[in-house]
Amino acid sequence: MDSLDEEQIGALQKAFDSFDTDSKGFITPETVGVILRMMGVKISEKNLQEVIAETDEDGSGELEFEEFVELAAKFLIEEDEEALKTELREAFRVYDKEGNGYITTDVLKEILRELDNRLTEEDLDSIIEEVDEDGSGTLDFNEFMEMMNG
């Protein structure tokens, strides 16, 4: 549960409670699929069954709230990472004006200045030196992603 924020856990609790109509403290695997689809998660029935089997620690065939949160977290975190990658790809594309698959280190300096205007020229040079390992003066998308993800 550490990987989700309070708001996400609260939303999951509401969904869980609204489907646990008898207040038994668990929901069925079918219900899990319904909730995930309502949250916009696309998952095949086969994958859903596999994930439920992995998550159903006590083997009851039903999911208690903690098990449900653990299962849902896998999808919510994956979705966030995918969204971030899409945003970074779009940012890279905007700065890759010629569409040749790379940006120059000068363009990277511009991006870094926009992200943090407190960076000195020395800071920028140090960052560039670290990310442009081959000294080519350019960064392709993978190098850019590596830098942005730390």
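A Cβ is built for glycine as well, from the same backbone N, Cα and C atoms used for every other residue.
The N-acetylmethionine feature in Swiss-Prot is assigned to Met1; the stated evidence is similarity to another entry.
Residues or ranges marked as domain 'EF-hand 2' by Swiss-Prot on the basis of sequence analysis: 43-78. Across all of the domain 'EF-hand 2' (43-78), the predicted model scores a mean pLDDT of 86.
According to Swiss-Prot, the feature Ca(2+) 1 binding site maps to Asp56, Asp58, Ser60, Glu62, Glu67. In the three-state DSSP classification, Ser60 (Ca(2+) 1 binding site) falls within coil.
With a threshold of 8 Å between CB atoms, the same-chain residues lying at least 6 positions outside the domain 'EF-hand 4' (119-150) that come near it are 85, 88-89, 92, 101-105, 108-109, 112-113. Look at Swiss-Prot and you will find 119-150 tagged as domain 'EF-hand 4', backed by sequence analysis.
Cβ neighbour count for Thr138 (Ca(2+) 2 binding site): 17 (other Cβ atoms within 10 Å of its Cβ, all protein chains included). The feature Ca(2+) 2 binding site is assigned by Swiss-Prot to Asp132, Asp134, Ser136, Thr138, Glu143.
Within 10 Å of its Cβ, the residue among the binding-site residues Asp56, Asp58, Glu62, Asp132 with the fewest other Cβ atoms is Asp58. Secondary structure of the domain 'EF-hand 4' (119-150) per DSSP (helix as H, G, I; strand as E, B; remaining residues coil): 19 helix, 3 strand, 10 coil. Counting every protein chain shown, the Cβ of Ser136 (Ca(2+) 2 binding site) has 12 other Cβ atoms within 10 Å. Counting only the Cα atoms, the space from Thr138 (Ca(2+) 2 binding site) to Glu62 (Ca(2+) 1 binding site) is about 53 angstrom. Sequence-distant contacts of Glu143 (Ca(2+) 2 binding site), defined as residues of its own chain at least six apart whose C-beta falls under 8 angstroms from its C-beta, comprise Val131, Asp132. For Ser60 (Ca(2+) 1 binding site), the same-chain residues lying six or more positions away in sequence with a CB closer than 8 A to its CB are Phe26.
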